[in-house]
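Colleague: Questions regarding the structure given below will be posed in turn.
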């Protein structure tokens, strides 16, 4: 019999995702993505789930603008829960192996213990995508963490784009936040769709971090082409991100991985105030500029907003991951 008990960490997130959202949450759709090897643009899916937990992706779509720091806390809460679950499962497997080594075939656990253990080992969280529209924020990646000065931080936090229109409400001053993603300086703010992708790389077939980055790039390019039949063509260059040409960047990408659990993701410029990005050197790339869907679209008939892009991006990402089900939930806010 198995004598040692297993303690579930107090902060473990094993409740349904909906329990984290306010009660007025609207679960408005379950999207059945086409279960096929190719997506709408003819690109082959980059991987496929090898664990049943990865066959559904959960999209938590934040409708209202929120502070960047709150979005980071929400992301960290879900990442921490997935890490806690991995640690718990690892401890159980280790203890079972120890019992087998100590007692051989005579090692036994009763039916009730076996049922509890089996259920815990099957309790793997689904992949989660959080989509946000943030208040103005400059973020520093790991590459500038030790080199950025207070003077530089002050320049970011005191910047306000100039406007010649008297009746335009002056935007909020941006904040500066240091984060643990890769890269250098990136801007997040109104008019930009930010997607944080939280999944276990090991629940997908031959899917290292570099393949996730490639998948995010492809999903972004497909989104730009497909959203509301925009047909905006984009490309990859020698620099990270997605570009409309060699000099104009429309999306920034950066991820972080802990014990195969991913975080951060992509920021796609829908209709932001571009002066926030083009008044500084972004991502360590001099002589490059930011552009947006609004700036690039030819037709003025089809207005595209952040939420349109959020839905299209998650749909494209799911197809490339070989996932055939997206559960989408809208939320105005979330307690953290």
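Yeah, the Cβs are placed from backbone N, Cα and C, and that goes for glycine too.
So TrEMBL lists the following for this protein:
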DOMAIN    123-325  domain 'BPL/LPL catalytic'
BINDING   181, 182, 183, 184, 185, 186, 187, 188, 252, 253, 254, 265, 266, 267  substrate binding site
SITE      249  site 'Lowers pKa of active site Cys'
ACT_SITE  283  active site, acyl-thioester intermediate
Colleague: Per residue, counting other C-beta atoms within 10 angstroms of the C-beta, which of the recorded positions 185, 266, 283 reaches the highest number?
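Modeller: Result of the Cβ crowding comparison: 266.
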Colleague: Among all chains shown, work out which of the recorded positions 181, 249 has the most CB atoms within 10 A of its CB.
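Modeller: The residue with the most neighbouring Cβ atoms within 10 Å is 249.
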Colleague: Which of these binding-site residues has the least crowded Cβ, counting other Cβ atoms within 10 Å: 183, 187, 252, 254?
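Modeller: The binding-site residues 183, 187, 252, 254 were compared, and 183 has the fewest Cβ atoms within 10 Å.
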Colleague: Cα of residue 283 (active site, acyl-thioester intermediate) to Cα of residue 185 (substrate binding site): how many Å, rounded?
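Modeller: Counting only the Cα atoms, the answer is 5 Å.
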Colleague: So what's the average pLDDT for the domain 'BPL/LPL catalytic' (123-325)?
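Modeller: It averages 90.
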Colleague: Quick one: Cα separation, residue 185 (substrate binding site) versus residue 249 (site 'Lowers pKa of active site Cys'), in Å?
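Modeller: One finds 14 Å between the Cα atoms of these residues.
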Colleague: Would you mind reading off the Cα separation of residue 183 (substrate binding site) from residue 249 (site 'Lowers pKa of active site Cys'), to the nearest angstrom?
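Modeller: One finds 15 Å between the Cα atoms of these residues.
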Colleague: Hey, how far is residue 266 (substrate binding site) from residue 249 (site 'Lowers pKa of active site Cys'), Cα to Cα, in Å?
Modeller: 12
Colleague: I want to verify one value. Collapsing DSSP to three states, which class is residue 183 (substrate binding site)?
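Modeller: Note: residue 183 (substrate binding site) is coil by DSSP, not helix or strand.
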